[in-house]
């Protein structure tokens, strides 16, 4: 009976010893924070009843930047240490002499990329069972980098401006505090600040808003600042602008007027260049002293050319006065009826008294008339380069006929005194 009772007791003792000798990794503090560039210690310890002859320790990391690619940090196996990922070479090691139940490691010169979740895996054969994994988080803190201060918006009086402040680096994310560097260190009453975004909005800026502003970026391990000088611009006098605008407007108007005048002048000049048909009338000239001629040649025809078709006698009669037809004609054939009057008169003959308009004319020597007729056709129409039409007169021929005064009296001609003209056509 005693043996039966002792058997269950012995089995209970063996089971208790087995539980006591199982491997167990102690709990970690959870998270470790360290500033960038400093040394971080990641704790890990375990308990075991077996000898440490077959101890196997592996440290792994799950980077915060890439959780899908775990990396090996350091390995202890068979009494030797092996390096893990290349970026940890020369920076990682065990804090104690191995083998040992304290398998904590250190990481020198921590970098921002070292942030992540680290796992400690421990195996010590033949010891089995229990929890053999320890988890520790590492956060590498980065102080705020030097922030950049900027002004957004117009600095004119009465405008709204925004002061910006931001740091490229900072873990944890820094907060921003704006202040004006004056006696009160307070922002203007119209300013609204956002410490998370790092902005300050100042509405309706005035001369009191001018000054030096400071932005302080801070987090758990450091601070950094930047300065910004805000100068409100007062409006410039508008008189200068008004004068400049008036001068510019006047200059433009003058240029436009000159252009219009020039255009009108050239248009008028081009119009006046068009040649018009010249009206050349038939003329009757009375000579003071006609040459003496025989009775056979008292009335003769003389063909001559007139240089400028101008009058050369002192008394001039229009040819249509002697024409039976009162309507003027350019054709000089109307004077052919005088060809039948071929009578000769002596140069010394006495002319009887002639009365005109009730006046008694003084007797004098015989006078003759020279009838000058211009024969010409209509002018020729020629096109010009600018689209207008010019008229070019045909060459004209001048014929002169001599008529005695007696003949003129017989047909009832009445002399009329007309002012003499020069060759250029002006009155003398």
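Cβ coordinates are placed from backbone N, Cα and C, and glycine is handled just like the others.
Listed in Swiss-Prot for this protein:
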type	residues	note
COMPBIAS	376-389	compositional bias 'Polar residues'
DISULFID	44-120	disulfide bond
DISULFID	165-215	disulfide bond
DOMAIN	23-136	domain 'Ig-like V-type'
CARBOHYD	102	N-linked glycosylation site
MOD_RES	375	omega-N-methylarginine
REGION	376-396	region 'Disordered'
TOPO_DOM	23-240	topological domain 'Extracellular'
TOPO_DOM	262-428	topological domain 'Cytoplasmic'
TRANSMEM	241-261	transmembrane segment
Within the domain 'Ig-like V-type' (23-136), residues counted as helix, strand or coil by DSSP: 9 helix, 54 strand, 51 coil
Between residue 165 (disulfide bond) and residue 44 (disulfide bond), the C-alpha gap once rounded to whole angstrom: 42
Whole-number Å value for how far residue 102 (N-linked glycosylation site) lies from residue 120 (disulfide bond) (Cα to Cα): 11
Cβ neighbours within the same chain of residue 215 (disulfide bond) - under 8 Å, at least six residues apart: 147, 149, 163, 165, 176, 177, 178, 198, 225, 226, 227, 228
Inter-residue C-alpha distance, residue 44 (disulfide bond) and residue 102 (N-linked glycosylation site) (nearest angstrom): 6
Neighbourhood of the residue listed as 'N-linked glycosylation site' by C-beta distance under 8 A, where only residues 6 or more apart in the same chain count: 44, 45, 95, 96
Across the domain 'Ig-like V-type' (23-136), average pLDDT on the 0 to 100 scale: 91
